[in-house]
Amino acid sequence: MVKAVVLGAAGGIGQPLSLLLKANPLVTELGLYDIVNTPGVAADLSHISTPAKVEGYLPANDGLQKALTGASIVVIPAGVPRKPGINAGIVKDLATGIAKYAPEAFVLVISNPVNSTVPIVAEVFKKHNKYNPKRLFGVTTLDVTRASTFVAEILGDLSLSKEVVVPVVGGHSGVTIVPLLSQSSHPLPSGFAKESYEALVNRIQFGGDEVVKAKDGAGSATLSMAYAGAEFASKVLRAVKGEKGIIAPSYVSAEADTTGSAALAKELGKELSFFSSNVELGTEGVTKIIPLGKLTEAETALVKAALPELSTNIDKGVNFVSEAYKPQL
Ligand SMILES: NC(=O)c1ccc[n+]([C@@H]2O[C@H](COP(=O)([O-])OP(=O)(O)OC[C@H]3O[C@@H](n4cnc5c(N)ncnc54)[C@H](O)[C@@H]3O)[C@@H](O)[C@H]2O)c1
């Protein structure tokens, strides 16, 4: 039995993500929680002829507790797009609920800024003595999805986009997003110009802005994010079921695999408590953090440029929780 729970299920990401999870045959129960509209979303999805039993919950009548009880996997797209301060508080409160009612669940954080919200969840779990770093993931899959799509476009064959694999490492905002295009399963055309390479990197790093602009004030990336979140959730569920050799980039704690993260820190020349790199998934969550491997000069420069911001973002998340838990005078 696999109960998947979406926190923020009525939102722009939450609704299509819930639809995709309802369509996933590995999911047998789907709990939808939001501060508004989940009964309607749940009623609508419940008519779809797939195995998952769907329930919608609101905050009243212990809705969060009921939604989370028995959860195997919790995905969090709750929040307000591009409002990092508000999201920090929302994620802290939801993480408190998970620590209380679903401490064993795999937790996938979508709410931005992921570079800080994942450390927030970790710190809240630590406060409740429920932290398992192997089970906490920042979802960076949208960067990976964009990289695959844009490389396939450059190769002139969109049908390749499902097969193109580009590791995207670092973090999940702007310059902290580092695509390792030299390691793409499908190399860029020979003689690909330096300016074109830089434009491609920039497009992957700031793909979200492209969508915000096109939506003209009416939202940010929701459908592509829902797709990416559902893809990553599906990988976690397949690995938990016993499928071997599933590797995907994700923003995880160095504590999830101390050997792998030590090798990674050596490459980076810096120890960071969170970093996105390829991770191998298994029945317990993260089984291995995979170091970056050989980088080009340009990629080394991108990694170097990402580190200071990433470090600041992590500290922000950690400090947010320690401030919140400070005794009130
Ligand atoms: N990781 C990524 O790649 C990525 C990509 C795009 C957006 N995002 C982030 O995802 C989040 C959601 O984006 P969206 O476009 O779906 O926004 P949205 O405003 O359409 O939806 C957010 C939902 O969260 C709900 N919500 C707010 N507070 C809540 C709480 N305390 N408990 C439960 N639900 C709550 C809202 O009611 C709303 O339904 C934002 O933080 C956004 O920045 C992440």
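Including glycine, each Cβ sits where the backbone N, Cα and C put it.
NAD(+) binding, as stated in TrEMBL, involves Gly8, Ala9, Ala10, Gly11, Gly12, Ile13, Gly14, Asn87, Ile110, Ser111, Asn112, Met225; the candidate among Asp34, Asp44, Asp62 given for that site is Asp34.
Mapped onto DSSP helix, strand and coil, the domain 'Lactate/malate dehydrogenase N-terminal' (3-138) counts 59 helix, 26 strand, 51 coil.
According to DSSP, Met225 (NAD(+) binding site) sits within a helical segment. Here the Cα atom of Met225 (NAD(+) binding site) is found 13 Å from that of His172 (active site, proton acceptor). Distance from the CA of His172 (active site, proton acceptor) to the CA of Ser111 (NAD(+) binding site) is 11 Å.
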